[in-house]
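Engineer: Here TrEMBL flags 1-25, 69-89, 236-267 as region 'Disordered'. Here TrEMBL flags 39-59, 94-115, 127-145, 181-200, 212-230, 281-298, 344-365, 371-390, 410-430 as transmembrane segment.
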């Protein structure tokens, strides 16, 4: 805020007459509400994506991990693979890690396809409760599973939690100052980094995958606490820039009127209006689909095949490091909106597709001499992906009208999920083809 405007801004009433400056206690209340909402959306982003990220980080363990039946109490944190294709130079699992990706994303895709058709009309609070319960269930089911099939059911629960939560919370940003989009995005990036890093760190420290997953059960509780006790109740407003972002302090959500009852909701849009808005979103949706297709084709189609034998890291450890470095890049770029804003996200899509082509050629020819070069490329890949996500939703929030913003944010959620789903479907046959080469 400028010096003169920031020090003593004059307020005008509806007839243009000067009014008295706002009392300082009330301004402090507004600032307090701003910070509560900012922190609330950051924590919601963190908790919402945490289980999704952990399941992808554990994908190699889920597929290569031999769990004994009966009363086994300890699991080797870096188990020897027993289901590998020994005839391949890639040291493959018999099933691609893309299978975990599909279990982690297809339920999300279904949820996001239903969202523009009416899912967003359901009350917010029950959706958040279901999301938290599914997240906790995913950790418990995978931790105590003795088969790949049961583990994949746990991954499906994580997908339901993440998909339902993303549609819910991105729609909810329409009732708050636009700045919360940046905080939400940064939180989702933090989930990637902390989720991958915690799984890597705890297993590297000797904790079994089972105990590592059980130690993360506090995350769903934090999600529910952030929504019900930290966020202030939304009100009809124009979520503009920072000057308009000062909203009056309100009571916590658990004691106040639900956001779906507010008059600014897009629940009254006709099907024709929704279709018109959706067509206008394609300029943003198509580049984000390409970005996520390319990066998740790399992550779940190529990470397992980018195996270096001349390092001290085992295959499982290499996979976990790939996931952690990717998520570190995502966190940095999803938190960079205040520093760098990108209008033309199709440039990011082209760069990400180039990354895919480059690493695919390396998988085939093995011309990169060191795993550290792959580490740098994966970090860069994460930077591109996170930048595409945060700038896409920021641009949508800037350009959509008030009555269309809630629907537009929910509808645009489909883009990353669609790209990820397509990448998983194509990564499976690629894995089978390369792993059966002698």
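Glycine residues also receive a Cβ, built from the backbone N, Cα and C atoms like all the rest.
TrEMBL: automatically predicted annotations, no manual curation.
Small disclaimer: the values here were computed from a predicted structure and weren't measured.
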Engineer: Which bits of the chain, at least 6 residues beyond where the transmembrane segment (410-430) starts or stops, bring a Cβ under 8 A of a Cβ in it?
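Structural biologist: Same-chain contacts beyond the ends: 96, 98-99, 101-102, 105-106, 108-109, 112-113, 115-116, 119-120, 163, 166-167, 170-171, 274, 277-278, 281, 284-286, 288-297, 300-302, 389, 392-393, 396.
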Engineer: Where among 39-59, 127-145, 212-230, 371-390 do we find the most Cβ pairs under 8 Å to the transmembrane segment (181-200)?
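Structural biologist: Per the Cβ under 8 Å count, 39-59.
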Engineer: Going through 127-145, 212-230, 281-298 one by one, which has the most CB pairs that fall under 8 Å from the transmembrane segment (371-390)?
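Structural biologist: Per the Cβ count, the answer is 281-298.
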Engineer: Are there residues at least 6 beyond the ends of the transmembrane segment (127-145) whose Cβ is under 8 Å from a Cβ of it, and what are they?
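Structural biologist: Counting only partners 6 or more residues beyond its ends, the transmembrane segment (127-145) has Cβ contacts under 8 Å with 47-48, 50-51, 54-55, 58, 62, 67, 151, 153-158, 160-162, 164-165, 168, 209-211, 213-214, 216-217, 219-221, 223-224, 227-228.
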